[in-house]
Each structure stands twice: as structure tokens, then as C-alpha cells.
Amino acid sequence: MEDRPLDLMIPGPVPVSPDVLEAMGQPVRQHYGPEWQPFYEQFIARLRRIFETTGSVYPIPASGSGGLEAMLGTLIGADGVVGVITNGFFGNRLLDIARAHTPHVEVLQIPYERPADPDETRAWLRARRLRVLAVVHSDTSTGILNPIADLAAAARAEGAALAVDAVSSLAGAPVLTDGWGLAAVATASQKCLECPPGVAPVAVTSLGWEIIDGQPAPSRGWYLNLRNWRRYEREWPHHPYPVTIPSNNIVALNRALERILDEGLEARFKRHRQAAELLRGGLERLGFTLFADRRWASPTVTVAYPPDGINAAALMERLRVRHRIAVAGGLDHLAGRVIRIGHLGNQATTERIRRLLGALEACLREGRAAPGSPSLGATRAGAPRPAAPGRPRRPRRPARRT
Ligand SMILES: Cc1ncc(COP(=O)(O)O)c(C=O)c1O
């Protein structure tokens with residue numbers, strides 16, 4: 001590995017502030033008992049403020065997918081019925097998780113190029129009578145933000161409630177868990193929460209519990225079964241979780257939450273919107289084509305086709321080697337065709353975005369001036385961008401990660 005660290009502009013994990021890393025490196029603490037308990041209660045209170053809920057919050061020791069599986073598996077119960085909206089790689093992840101828990105999964109498949117539509121969702125639900133509908137807020141594969149507030153209202157009108165993947169949105173875009181009437185929301189520590197990976201906080205509202213308790217059969221899982229987490233919370237107040245929680249990760253996350261709340265949620269949302277706009281304007285000036293229409297572009301992730309004749313993989317390589325900046329490649333049918341840039345948490349600053357744009361400009365200039373070593377030219381004729389919105393395809397095998 002090169003000595004000079006990479007500046008991570010991938011859509012998670014994000015660079016972590018030194019004080020959060022320092023908190024992570026403190027001596028290991030006893031993860032229960034009279035000294036830990038008041039600290040843990042404050043930590044959960046902070047998470048509640050960020051989820052904007054008075055409901056239950058559990059810091060599941062896992063990556064984001066672990067939190068999603070805990071949320072969805074518990075809501076579905078054993079062999080229950082569930083609906084999933086998908087318009088991206090991570091919508092398909094929700095679908096895979098749902099199918100691991102029940103054969104009774106209804107799918108509302110939307111093209112990758114647009115968000116889910118509340119009226120369409122309502123009509124679709126009317127024909128089905130579902131209680132739980134899972135959807136991704138900001139799909140990190142497309143940079144499209146689904147309109148959760150309106151989808152939740154549409155679902156409510158048909159007797160359903162949303163289970164939301166807010167992995168790349170919570171603390172970067174508004175998520176009103178109670179205010180929007182959601183059943184549950186799951187996220188991950190390594191995105192807008194500005195922490196190393198390892199903790200997947202999950203929130204469940206009273207509506208979510210009503211659905212869970214009304215399921216004919218509980219989920220067969222144990223570790224990722226939120227009923228179990230609730231049982232320990234109720235019955236073991238000195239140790240309100242069923243497992244040894246990763247205390248160093250929790251201490252670090254607590255420090256990150258303090259920083260987030262000190263900044264203020266509204267100020268953060270504005271910072272993310274401004275960083276997104278700065279990046280998008282800059283990319284367009286450099287000749288990139290944005291994947292997501294600005295009307296529904298996520299404030300935390302941008303996906304873009306490189307300028308004509310520029311190969312996405314070669315561009316990413318040059319950015320990494322010459323400028324020590326990492327961006328991510330495309331997922332599913334967008335692999336090799338787009339780059340994905342994170343402006344989550346600490347990435348969403350004018351300074352970082354300007355540095356990235358400057359480096360991209362230099363790469364394009366150098367690449368055009370000296371085609372051949374290494375070339376930035378397209379390797380496949382006509383590959384860079386589609387003439388018309390393409391049909392989404394399911395991945396045949398797990399594609400490149402974020
Ligand atoms: C929207 C979304 N959902 C789910 C995941 C999966 O999270 P993890 O890789 O932490 O399991 C990611 C990861 O990038 C994501 O961006």
C-alpha cells in the first residue's frame with residue numbers, strides 16, 4: 001500500500017475526524033454496569049434525536065446490511081408478506097434480504113433513472129393489501145433520492161407502513177422517522193454519521209412494533225431479531241442488549257453524534273445540499289453528464305458519466321495514483337460506465353469538493369495531452385452514456401462494493 005493515504009470520496013466509508021478516531025482508540029470499557037449505563041442512555045438519546053423518533057433505537061453491531069436485515073426480517077416475521085420498491089442496486093439488496101425471510105415478496109420495480117412515484121405506489125398497493133413496504137431513501141448506486149414522506153403518506157392511505165434504508169441519507173438529508181409515520185429506519189455508522197464501519201443503528205416506532213407484534217409468526221432469527229433486542233432492553237436494564245456490543249465503536253459513534261448535534265441537523269442538510277450543487281455544477285463544466293435529474297438528485301451521492309471518449313476506470317485510476325483521491329465505480333449495468341462520488345458527512349465541504357474537481361480537471365487535461373500512458377480513452381466504442389434510459393437488470397453476481 002502507498003504511504004500517502006487516499007482521500008476517500010467514495011460513497012462510504014467516509015474520512016473520520018481525528019477526535020472520533022481518538023475516541024475509538026481509548027482503552028476498552030466494560031460494556032455494561034453502573035459506569036457504562038448513563039453513557040449508553042445518553043448515546044441512545046442522541047441517536048433518537050438524529051432519527052427524529054421517540055421510539056426504540058438499537059445499535060446493531062454490523063455493517064449497514066446487518067441493520068437492514070434486522071429491521072426487515074423482524075418486520076416480516078417468519079414467512080410473512082412484504083412489498084419492496086426497487087430502483088437501484090441497494091433496492092435489490094432489500095429484495096434479496098426480504099426473499100431470505102419469506103417467499104411472499106411483492107416487487108415494485110422502477111427504472112434506475114427515476115424515483116418511486118407516490119401515486120403509482122398507492123395504486124400498486126391498493127391491488128395488494130400489504131402491511132410493510134421496504135424502500136431505499138438515497139440509492140447509492142444511482143444518486144437518486146426516493147420521496148419518503150410522500151411514499152409514506154401513500155402507503156398509509158392503503159394501510160401499509162414503510163421500512164426505510166437510510167444508510168446513505170440519515171444525518172445528510174431529513175429523515176423524520178416519527179413525523180413521516182415510518183415503521184422503521186436503518187442506517188450505518190460509516191456514511192453521514194462520520195464514523196468507521198461497524199455499527200448499524202436501527203429505529204423502530206410504535207407503529208413498527210404494532211406490525212411486528214401482529215405478525216402470525218416471529219422471525220426465526222436470533223441475533224438480528226429486534227424482538228430479542230427489545231426483550232433484553234426490558235428485562236436486563238443493566239445490559240440492555242443480548243450481545244457484547246463493540247464498546248470502542250460505540251464510544252466513537254457517540255463522539256460523532258455529539259459533533260453532528262453540535263453542528264445542528266438543519267445546518268448539516270444545507271451543507272450537504274450546497275456541496276452536492278457545487279460538485280454537480282463543476283462536473284457539468286468539465287463535460288460530465290449527471291445520471292440523476294436535479295429534481296430528485298440525492299444530496300449525499302452523485303453518479304456521473306465521464307466526458308465523451310473518457311474511460312471511467314482509467315480516470316479513477318489516474319485520480320487515485322496521481323492525486324490520491326478515491327471515487328467509486330458503477331454498480332450493476334452502470335459498471336465501467338460511471339463514477340460515483342460521495343459527499344456524505346465530512347466529504348461534504350467546499351474544500352474537499354474543490355480539491356476533487358481540480359484533480360478531475362487535471363486528470364482530464366493530462367489524459368488528453370498524453371493519450372496512451374495511461375490512456376483515459378474509452379475502451380469500448382459508444383460505452384460512456386446511454387442514448388435513452390436503460391432497463392435495470394439484477395446483478396448476476398455481487399458487483400463491486402461502495
Ligand atoms: C443505500 C445503501 N444500503 C445498503 C448498503 C449496504 O451497507 P453495508 O455495505 O454497510 O452492509 C449501502 C452501502 O453502501 C448503501 O449505500
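Using the three backbone atoms N, Cα and C, a Cβ is placed for every residue, glycine included.
Caution: TrEMBL annotation is automatic and unverified by curators.
Pulled from TrEMBL, these are the features on record:
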- 96-353: domain 'Aminotransferase class V' (DOMAIN)
- LYS191: N6-(pyridoxal phosphate)lysine (MOD_RES)
- ARG340: substrate binding site (BINDING)
- 368-402: region 'Disordered' (REGION)
- 377-390: compositional bias 'Low complexity' (COMPBIAS)
- 391-402: compositional bias 'Basic residues' (COMPBIAS)
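According to DSSP, the residue listed as 'N6-(pyridoxal phosphate)lysine' sits in a coil region rather than a helix or strand.
Counting other C-beta atoms within 10 Å of each candidate's C-beta, the recorded positions LYS191, ARG340 are led by LYS191. Confidence in the domain 'Aminotransferase class V' (96-353), given as mean pLDDT, stands at 97. If you measure from the Cα atom of the residue listed as 'substrate binding site' to that of the residue listed as 'N6-(pyridoxal phosphate)lysine', you get 14 Å. Mapped onto three states, the DSSP output places the residue listed as 'substrate binding site' in strand.
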